[in-house]
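Undergrad: Structure incoming, see below.
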Amino acid sequence: MSLHSARVAALLAWVNSTKVCPDPLKDLSQLQDCSVFIRIIHKIHGSKEGESVLDQPLPERISFIHGFLQKHCRHKLAAENLVSAQKLLDGEELALAKVAVLLLYHTSMSCKNPGDWNEFDYKTQVELALILKFVLDNEECLNENLEPFLQRKAESSSSSTSSSSFEEHSPLSPLPHKRDVHFLELQRISSFPSTNLPSTPSSPMGDIMQTPQFQLRRLKEQLVFERENREELEVEMAENHKLIMEKDAQITMMQQRIDRLVKLNEKQAEDQLEPKEMEELREKNESLVGRLHEAFRQCQDLKTEKAQMDRKINKLSEENGDLSFKLREIASNMVQLQRALNELSEEHNTAMAQSEEKQRQLEKELHAALQDKKCSEEKIEILQGKISLLEDQLAKLEECSTQEKGEVMGDVLKLEELKQEVSSLTAKGMRLEEEKQQLDSLVTSLQNSLSESHRARERLKRDLQAQAAEGQA
């Protein structure tokens, strides 16, 4: 199965952004000698730990990369199981893409200043953010899920869905059309500044790196790094302590030998030894004294270094304890705020659905009432025309004979009935107008209730944002 073209393009764009190769890469096959990966590792750590490996054959380069991934990427499975050395040796593009994914993840986690993500276009940022989110969500089963994720074909529907998951919830977009909560809707809380007024929308990569999930994972990575650093210092201190003990033993042995030589010199002086033998003993004595002084100096240096390491370990222990306490406190607060935000979101979505249904019903009733009122007004206009016509006829009757008046009595009665009907309609119209005003009032009340629910949810989001910002600090 071919690789996901958009994700491969995003990974190559990130590799090019590291500026470790003179010319931009256009294809994964250009990574098969693994030299670019080694240069990226050098740049991440700011050291030349594996510079000599660049001059070694490809199997030694792959072994170095395996060792780095296994030591620093901290996944449950060993690097050998996640990235096959044989497939890297064969230049398989899927294996090269896996290494690029892991280095992208490690760089994002370990670097304090990962760079300006705005140098990438929006589509590339979306794909890079999806890759980071996938690794975060699949750390326990990355070996099973990474290959399908990188091999998934880029379909037009999936691409549009990936982009819309960011665009739907950007700070300048309207309310989301869907009721589902996407992975960034609740997690990109800290993507805005601490003020309540959002400025320009942040990038997708900036958003994913400011989520509570990413920040908590970064804090855990720092804790693990500090713990391992402390363990390495403790091992080094133990070795230095052992060396000091050995030096002390050597000094004791030399002191004993010097004492014996002094006594021997005194005895030989008493026995009046030959000048040549005395000179040899004096040279040996001076050599031993020089070695003793050197041993004393080395011992003193080791003791000074041990004291410095003790202070550094104590400082690391204090920082480790503070960081652990802060991590637990932030995690607890975030869990509580996340739970409250989820509950409020569910209530908001339910209230939104109910209010929309109620509003549709009220609008339907309002429309029917308006239609009824319109029909009544038209009927009243027709009847008023008839009434005017009959009133004209009655005025003429006053000039006619009594016989003619009797003949048109039926029209008079017809006229009275029309007046009563008109009166019954100008009353029905008033009732309809009152009902319209009541419906308008209900619609306004519903809109105010929805606005208050939205403001409550935004306040809770800002609280969660503040907690995430504190965790980042």
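Each Cβ is built from the backbone N, Cα and C atoms, and glycine gets one as well.
Pulled these from TrEMBL:
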type     : residues : note
REGION   : 153-174  : region 'Disordered'
COMPBIAS : 156-165  : compositional bias 'Low complexity'
REGION   : 442-473  : region 'Disordered'
COMPBIAS : 442-451  : compositional bias 'Polar residues'
COMPBIAS : 452-464  : compositional bias 'Basic and acidic residues'
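In the displayed structure, how are the listed features positioned relative to their neighbours?
TA: Helix first, then strand, then coil: DSSP counts for the region 'Disordered' (442-473) stand at 31 helix, 0 strand, 1 coil.
Listed as Cβ neighbours of the compositional bias 'Polar residues' (442-451) (distance under 8 Å, sequence separation of 6 or more from its ends, same chain) are residues 351-352, 355, 358-359, 362-363, 366.
Note on the compositional bias 'Basic and acidic residues' (452-464): residues 189, 196, 212, 334, 337-338, 340-341, 344-345, 347-348, 351-352 of its chain, located 6 or more positions outside it, place their CB under 8 angstroms from a CB of the stretch.
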